[in-house]
Every structure is written in C-alpha cells, then in structure tokens.
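Here is what TrEMBL says about this protein:
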- B:21-42: transmembrane segment (TRANSMEM)
- B:75-96: transmembrane segment (TRANSMEM)
- B:105-123: transmembrane segment (TRANSMEM)
- B:129-147: transmembrane segment (TRANSMEM)
- B:159-179: transmembrane segment (TRANSMEM)
- B:199-220: transmembrane segment (TRANSMEM)
- B:248-275: transmembrane segment (TRANSMEM)
- B:287-304: transmembrane segment (TRANSMEM)
- B:316-335: transmembrane segment (TRANSMEM)
Amino acid sequence: MMSHTLTASALSAGYGERLVLDRLDFAVPPSRITVIVGANACGKSTLLRTMSRLLPASRGHVLLDGKSIHAMPSRELARTLGLLPQSPIAPEGITVADLVSRGRHPHHGVFSRWTRADDEAVAAALAATRTDTLSERPVDELSGGQRQRVWIAMALAQQTDVLLLDEPTTFLDINHQIEVLDLLTDLNQTRGTTIVMVLHDLNLAARYADHLVAMANGRLHVAGPPDAVLTEETVREVFGLDSRIITDPTSGRPVMLPIGRHRMLSDDAIESEAAP
Amino acid sequence: MLAALTDSVAESRRRRAGRRGLVVGLLLALLAATFLLTLLLGQSFTPPQDILRTLLGEDVPGVAFTVGQLRLPRALLAILAGLSFGLGGVAFQIMLRNPLASPDIIGISWGASAAAVIAIVVFGLKGPAVSVLAVVAGLGVALLVYALSFRNGVAGTRLILVGIGVSAMLESVIAYILSTAPAWTLQEALRWLTGSVNGAQLGAMLPLLAALAVFGGLLLGHGRDLEALRLGDDTAAALGVRVGRTRVLVIAAAVGMIASATAICGPIAFVAFLSGPIAARIVGNNGSLPVPAALVGAALVLVGDYCGQFLLPSRYPVGVVTGALGAPYLIFLIVRVNRSGGSL
C-alpha cells in the first residue's frame, strides 16, 4: 500500500457562471479518515467532485502525488483514486457479483482479458463488505443497507489507495450507518486506505474522523482533530445554530447537542444537569 | 476461504458469459436459417443445389434472376439494415439509460429520411450522395434535439419529448415532399414513411456495408465504456471512462449507422426501438447488449420482410409489419415508464 498525497491549491470550481468553491486550499492526510461537514450548498459535494475530476477546476489545481489530476490519463487516475458518487445507478436485474466486478474497469483496456487477479479482487471486496452471501442476488432486491455495502464493494474492487465517498450513509437506518462507517474504518486500519467522505451527521463525523473539516461558503472554515473542530463556536459559525458540546463516554469524542427554541428546562435545571 | 470465494466468483462469471454466448449463437443460427429460407422459398421453391450453383457464378435459367437479382440482394439488405438499426438503437438506449431514447423515437431516423426524400425527389440525386446527406441530416437533427433540450444539462425525459416533437415536424416535411411528387408509386412513398427493402440492389449496399464496418467497429470498440455508462455518468467517470468523449463517439457512430441504413431503406419502423429491449429480455443480466441487439434487429427486418411479402393476405413493406409490432410495445412502455421510472 502506497501512501498518496492529495491536495487542492487555490481551487475554484462550480457550475456554469456560479462558482461554488472559492480559492480553496485543502490537504488530505495520507492513510487517514477525513470527514467533510458543512451546511447545505456549502460546496462539500462540489469539492469531492472536483477532487475526483468529475467536475473541471475553473482555477487552481488538484494534485495527486504532486501531479495535476486533470493532466493524468483517466484510467491511470481511476486505479489510484476511487469515488462513490451520491446516487449510482444499478442496471435492472444486475447481480451483486456482476456489479462488484464492474469496479475492475480501470484495470482493463480494449483487448485485455479477465484474469485470476480480477476474480480475487472481486472476491476480496465481497468478503470485506460481507456481501459474499448475496453475490448471486439481483441488486434491486436488496435492502438499502445491503445495497450501499455492494456499492462500497464495487469501489473496493477498484483497489484504489484513495477512496472518496459522497454521503455514503444517506437514507440508511442508524444501525446500517454505523455498519458502513465501521466497514470503512476497518478498511482504513487494515489496508491504510486514505478515506475522504462527506457526512451529514456531525456526531458520526466527529466519531469516525481522524481529520474533521468544516466548510462554509465554498471555503474550509476550520480543519483538524475532531475535538478541536467540533466546538460550539464552529457550529454557530458554520450552521448558524446554538449548541452544547459534551464528550461521548464511549469514544471520548465530542458530541453536539443542538439548542432549539423549545423543550428547554429552566436555566437552573440546565446548570444542575451540566454540573457533574 | 478467499480461494473458494474467488472460484465461485469466477464460476458465476463464466456461467454468465456462457449463457450470453449461447444466446448469440442461437440468434446467429436463427438468422442463418431465415436467410436460407428466404433464398429457397419465395413465390416458388428453388432447390438448394440451384442456389448454390447460382452463387458460384453458374447461369441457371430463371434462378439467376429470382435468387441473384431479387431474393439475395433483398435478404442481404434486410440483414445489413437490421444490424445497423439494432446496434444504433441500443447504443442510444444504453447511453441515455432509457428505452424511449431510441433514434427513431427522438427524430434522428426521420431527419435522415427527410434528407433522403428531398435529395431524391427535389434534387434528383442517387447513391452515396444520398447516404452522405442523410448522415449529415441525422447528425444535424441529433444536435438540434440536444440543443433544444439543453437546460442545465440534458435530462432524458426532456430530450425524448423534444425528439418526439421534432419527429412529427420531419414526418410532415416528408409527407409534403411526397405529395408534390405525383409520379411516385405508393410503394415508394411508403419506403420513406415506414421503410422497405423493395428493389434492393447489391451495388447500392456498399455504402451501408462500409458505414456498418466503420461505425459498428467504433461502437463495439467502446462497448466497455458504454456498458460502464449504465451505472450513471458519475460512476462511469470514477471508473476511468471519459464520459463526454465516449458520448460524442457513440452518438456519431450510432447516427452514422442509422442514417446510412435509412438513406437506402427508409426509417424501417421501430426496429431501432425494439431490438435493444428484446435483446435485454433474452440476454437477461448475462452480459453486454450491443451484439445481441444488432442480431435481433437483423432478424426482425428479415422475418418482418418475409411476413410482409408472403405470409400476409396482401404484400406489405417490412416497415408496416415492424410498425405493427412496435406500436403496441411503445404504448406498453409509456404506461410502464409512467408507473415506475423504468430503465432498459
């Protein structure tokens, strides 16, 4: 497993005239889990899409191991950098094993033949995501959590050292969210895969990230270890929300509790609750 | 443990490839059998040994004309046109992930047909010039439909609706041109409205054969990238497919094939539209569709033409037969797509 560096410098990108990313600088720590959080439309997905070349940069660079990804041959890039987009499409009736084997695409040219190594990569991806028992089932018959594991298996079969995921836990029940995040953590710990993902849930983000990034208005607002980033101040600045931060007794990571306008105890009660 | 799993992955991959191979083999056998039947049995029966002798260059009285001039060119044209329509149609359906996105529904065949009619009736052109104009017009219509349906990217449904509108306009252009050409027979008029392989000549097929070789080769060469597009544009790009470039190549190749075939036989109704879904039904999830769809297209035109000539109470051009098959399927598909969203 090689450690790859992935950095963005002075990166601007967007759709048509509208710039979503504004001269953003970002360095992905190698072999770590980086989680990006931020309010809707702050540019999280756009950042992932630009870093994986789905979207052109209008200014600035994305560098993989010091080389601009926009100058790399696309198959070569796809052998190092994988991306699971927000809403991939499973062709009607396709089986799990068939879909996962599509991840081998960048390892083949027009004339190259399927080899034992390809079958091994597919089998390893099925085993790692515990979808091996589903391998002959059609993808459209699976539950949401199973289907997401299958898509991750496809990305694993691609055997990239860097994996970007755009909201891999959306639409999943909480148990399946934890399952997917545990699986990605296994992957990071056993193989050293560099993982960058966008998550909506701040608490899960703080729980699973080695490096937490909060974005606002197309820029990195603050980045660092979760307990330094997830503060009442950050939540107010990035989400415009008052909150309290406590420590999760299980993981020791920060947990954000939002303060709304209703269902509040009197000030005294809050004080006495907060006191240990 | 992993070795056993690897074996079972390999095993299921080989099983899928085997099933697809079987389907392709059966389609080829069906096509060969129908081809032989159309040579042997027309208005009269011709013994196989006479056909063989004619094909080897001997002059067998009577047979040289019925087989050499009538049946053989007709069957070959039916196969070439069917391959072109089937392959071009399925390429569009896969690329746009919608069975309604076939070139005969979204106006490309009608553009080629209108150009061919104008070239022949108004300007008196013949042969390759007609084909070239038809290809240019087909590409022009493809661009027009694309441009008209562009708003923050192209959504499949909008493209299909715009295409249906453009088709209707082009059909009326064809009807108008045909109405100004009173000398034309009904058969000829029907060629440009529903498609026909009447009056096929071996020499006139060369442009179609060339187009099929070049554009078909190009399409099949990009078959893997096309297959990856079925997972969505983003996923395909993440797998290393250059989505924009692949799309332009696929459109150019598919339009080239469809328009070349249309320039000779007219827009044989619904063959491009039907071949892909029929192939998808029989191949199941056992592999890629372009080759089976091309073979299904050839079988549709060949069988449809034979039915139109000999099995129905009076003689119909092939487009009438395929049209009668395709129209109910179109209605079924629109009802189903409305219910579920649907894909190929």
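All residue numbers here begin at 1 and follow the chain in the order shown.
Cβ atoms here come from the backbone N, Cα and C positions, even for glycine.
A TrEMBL annotation is a machine prediction, not a hand-curated record.
For the transmembrane segment (B:199-220), same-chain residues at least 6 beyond its ends with a Cβ under 8 Å from one of its own Cβ atoms are 72-74, 76-78, 80-81, 83-84, 87-88, 91, 127-128, 131, 135, 226, 249-250, 252-254, 256-257, 260-261, 263-264, 290-291, 294. The recorded stretches the transmembrane segment (B:159-179) and the transmembrane segment (B:105-123) share 3+ CB pairs below 8 A when only pairs 6 or more apart in sequence are counted, and are therefore in contact. When the stretches B:21-42, B:75-96, B:105-123, B:287-304 are ranked by Cβ pairs under 8 Å to the transmembrane segment (B:316-335), first place goes to B:287-304.
Long-range contacts of the transmembrane segment (B:129-147) within its own chain (CB-CB distance under 8 A, at least 6 residues past either end) are made by residues 103, 106-116, 119-120, 154, 159, 162-163, 166, 170, 207-208, 211, 251-252, 255-256, 258-260, 262-264. Within its own chain, the transmembrane segment (B:21-42) has Cβ neighbours under 8 Å at 48, 51, 66-67, 70-72, 74-75, 78-79, 282-283, 286, 291-292, 295-296, 298-299, 302-303, 305-306, 309-310, counting only residues six or more beyond its boundaries.
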